[in-house]
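These come from Swiss-Prot:
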- G82, 85-86, 92-95, 110-118, S122: 5-phospho-alpha-D-ribose 1-diphosphate binding site (BINDING)
- G82, N113: anthranilate 1 binding site (BINDING)
- S94, E228: Mg(2+) 1 binding site (BINDING)
- R168: anthranilate 2 binding site (BINDING)
- D227, E228: Mg(2+) 2 binding site (BINDING)
Amino acid sequence: MNIQQALNHITKNIHLTQPQMEEIMRSIMQGEATEAQIGALMMGLRMKGESIDEMTAAARVMREFAIKIDVSDIKHLVDIVGTGGDGQNLFNVSTASSFVIAAAGATIAKHGNRGVSSKSGSSDLLEQAGIHLDLDMQQTERCIREMGVGFLFAPNHHKAMKYAAGPRRELGIRSIFNLLGPLTNPAGVKRFVIGVFSDELCRPIAEVMKQLGAEHVMVVHSKDGLDEISLAAPTTIAELKDGEITEWTLNPEDVGIESQTLNGLVVADATASLKLIKDALSKNKSDIGEKAANMIALNAGAGIYVAGITKTYAQAVVFAQDIIYGGQTLEKMSVLAEFTKTLKQSQAD
């Protein structure tokens, strides 16, 4: 099936089979599809609704083309990532949570990119924090193994995705490619917290991750529209564990945190995001920093739990709070920045 035939199917609201979607995705990754065709596919799938088979097949092909790092032997290896596209422009919760999860004894291999439909993607924020992302594969692996936290800048690992970069940037909408980012971690990670831009995606993404061989995953979307666990509203969760998917709803009060509005947590850019995160992770927090810290604890707790550090999510949230208030997280961030700086200098020499 070629991409024109696929588009014809999609306009009739017909889902593509896994073999059909694999064929289309390969044509994109090999540079055979035009930008107009890729843009039409993005919009068509978005309007039809991406099926489990379409997402699974596209992710499988993208993984096939990825430049990989093999750290799958590491215990408690986890990624916490959002699809983006929620349009809320909050500070970068998942990136802040990564450092808390790493300080808890898990290992983070965080797959991320620059903001496409938000003002602060994980890569934008990390560069503001002085963390170098333009590392080679060996250096990135050293970060993960020696520092317990490493960042996999998507364009370094998914070179073939360059063909979709133009349409993604020009359309500026959430699309199947937002969904594929979290599904295509190139480091062999099998434990994830994945935030999605619609609660209708929670179970389907959990189903996709099951087909892709994941072990323990929480897929989350909050009732106030966030692609993370919210401080201000209940959060819908689809949890894949031991091959079974269960769906549940989380209220902050369930784990001893008082619900609060998100006022003060919206940021203009990566600089403002970093400033708020440093406030939240410091020992002397402002009122807004305190609120951000609670938001981070809810999300870092999910990562600590799926990593297998604690037996329950509630225990993990308490552990995350202890780490945040103990000040270890900021130290983790600054040590990683220094380590990546040293790696870059040795590369230059």
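Quick reminder: no glycine exception, Cβ is built from N, Cα and C everywhere.
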Distant-in-sequence Cβ neighbours of S94 (Mg(2+) 1 binding site), under 8 Å, six or more positions away: I80, V81, G82, K110, S122, V193, G195, E228, N299
Cα-to-Cα gap, N113 (anthranilate 1 binding site) vs T95 (5-phospho-alpha-D-ribose 1-diphosphate binding site), nearest whole Å: 11
Separation of alpha carbons, R168 (anthranilate 2 binding site) and T95 (5-phospho-alpha-D-ribose 1-diphosphate binding site) (Å): 22
Integer Å distance between the CA atoms belonging to D227 (Mg(2+) 2 binding site) and N92 (5-phospho-alpha-D-ribose 1-diphosphate binding site): 11
Between G112 (5-phospho-alpha-D-ribose 1-diphosphate binding site) and D227 (Mg(2+) 2 binding site): CA-CA distance (Å): 14
Assigned conformation of G82 (5-phospho-alpha-D-ribose 1-diphosphate binding site) - DSSP reduced to three states: strand
Three-state secondary structure, which DSSP defines for G112 (5-phospho-alpha-D-ribose 1-diphosphate binding site): strand
C-alpha spacing of R168 (anthranilate 2 binding site) relative to G112 (5-phospho-alpha-D-ribose 1-diphosphate binding site), in angstrom: 15
